[in-house]
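Okay, structure first, notes after.
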Amino acid sequence: MTAIAVVGSQWGDEGKGKITDFLSKDAAMAVRSNGGNNAGHTIEIGDKTFKMRLIPSGIFAAKKGAVIGNGVVINPEVMFGELDNLEKEGIDISGLKISNRAHVIMPYHILQDTYQEEAKGDKKIGTTKNGIGPCYMDKASRIGIRVCDLLERDTFEEKLRTNLAEKNALFTKVYNKPALKFEDIFEKYLEYGQKMKKYVTDTSVVVNDALDKNEKVLFEGAQGVMLDIDEGTYPYVTSSNTISGGIASGIGMGANRLNTVIGVCKAYTTRVGEGPFPTELLDEVGDRIRETAHEYGTVTGRPRRVGWFDSVALRHAKRVAGINALSLNLLDVFSGFDKIKIATAYELDGKKIDYYPASLKELYRCKPVYEELPAWDEDITNVKTWEDLPENAKKFLNRVSELVGVPLVTVSVGPDREQTIVLKNPWEM
């Protein structure tokens, strides 16, 4: 197969960075198609840990480098900070390609994000306040500033003046906040444009040319299916399409070009921010999972909400994202546990259901129906093959695959690239 998409099948933070790094060593290029620096990913290579929010994970191994597609919203300051850190560690970034159609996060987007969240009080969404939502709002309103605009002084000046007039009216009259100054932004972002110029191109052409040559292309999704603007737990979602269908529009290619869609999940479930979470654990078991797995946000540092594995949510993700392979991470967390639970269905107002409700009110009333499985005592962090896994670990994995209806291709037993058990090579599916 020449085109593999990796998508989060839960609420993000599933460990997509690890599997994309693992797969990218055989890829010609790694491509990111949505989101911005609200989506943190951690890569561990040897004794080095890389925490990134914008640059694709495949920058470390893909033969022709990494691509940032038109569906991504770019904070130039964050991007260049990451690139500088990578260069200091000896990582070759010369193969980076940035879409000329990608939208740029401006200072007023970050402020708007912050002011809106503050104004909502108890009804806040729980955004990372990085300006992602307001940037996508401007994109949909057709007033956004794109990467190509930063390369044209007159175009950028006109758009920035127009947008600042609107944003400053909002800030001063609605939020009672100070106005932003044109001169504090204009030259700084023009300079970003010039610094970015050597990487900027029509990435749709780059990616489609690679696919036409039957080169292996790895598509990296950001966040997770349950945060998709259409298919997730709306309004507690992100501002972009995180399902595999969003990859096509976020790159500029036909949806039929994807061969395999790998859904990445944890052996349990986590969520950051507000919103329904049927299997959430608010007890010492949840605390134990959180501390064992170091479940704190890469971007915010916030403790993640923790719950048991939810096969109802996974089946929803499978259907809407076209997932046909599963990559499960953090199996090692359950070593030493007595038992593990899997939600096989929900109970809603006394009735058993096997679907994921659209209504928030219904979701908040849903109670998980659990199936209990025995855990294992063995340390599995050095296990390399399926055969060497404890029998109870195999039973758990088989049950997950059976309930979701998708075969497992990889199982992770630790953070390092080498701590990955490959059941089937996705490039050969």
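Note that Cβ sites are derived from N, Cα and C of the backbone, with glycine treated the same way.
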Record-annotated IMP site (Swiss-Prot): member among THR127, THR128, THR155 besides ASP13, GLU14, GLY15, LYS16, ASN38, ALA39, GLY40, HIS41, ARG142, GLN223, THR238, ARG302: THR128
Pairwise Cα distance for ASP13 (active site, proton acceptor)/GLN223 (IMP binding site) [Å, integer]: 7
From GLY12, LYS18, HIS41, THR300, ARG304, LEU331: recorded positions whose CA lies within 10 A of THR128 (IMP binding site): THR300
Separation of alpha carbons, THR300 (substrate binding site) and THR42 (GTP binding site) (Å): 13
Rounded distance in angstrom between the Cα atoms of VAL413 (GTP binding site) and ARG302 (IMP binding site): 24
